[in-house]
Amino acid sequence: MASGFGYSGGRTRCFPFWQEFSKCYANAEKPSDCVAPKDDYMECLHNTKEIARAKQVKSHFVQKELQESHDSRKAAEKAATGVIVSLGLVEEEGK
């Protein structure tokens, strides 16, 4: 990986991040000076932030779909029972 060559012979997708991190680490007085380049390199390798964001977006989408289906079901039940009850032909349950 650190050589910069991938399986197909070209550069790997994370090699520029590795170069930036290794340059920072070589010139830094303290390893803590290179936290940002290290985080960028680790994110490129493992995509942890991207995966977390995708899970969050999916969760919000599922919640929105559930709410919309619940609202549409309520509206459909109200429309289905509303006309018959308003005519007085059938008594509404629970009264």
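Glycine is treated like the rest: Cβ placed from N, Cα and C.
Positions annotated as disulfide bond by TrEMBL: CYS14-CYS44 (among others). Taking all protein chains in view, 17 other C-beta atoms sit within 10 angstroms of the C-beta of CYS44 (disulfide bond).
As annotated by TrEMBL, disulfide bond applies to CYS24-CYS34 (among others). In this view, CYS34 (disulfide bond) is surrounded by 19 other Cβ atoms within 10 Å of its Cβ, with every protein chain counted.
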Cβ neighbours of CYS14 (disulfide bond) where a neighbour is any other Cβ within 10 Å: 19
Euclidean distance between Cα atoms of CYS24 (disulfide bond) and CYS14 (disulfide bond), Å: 16
Three-state secondary structure, which DSSP defines for CYS14 (disulfide bond): coil
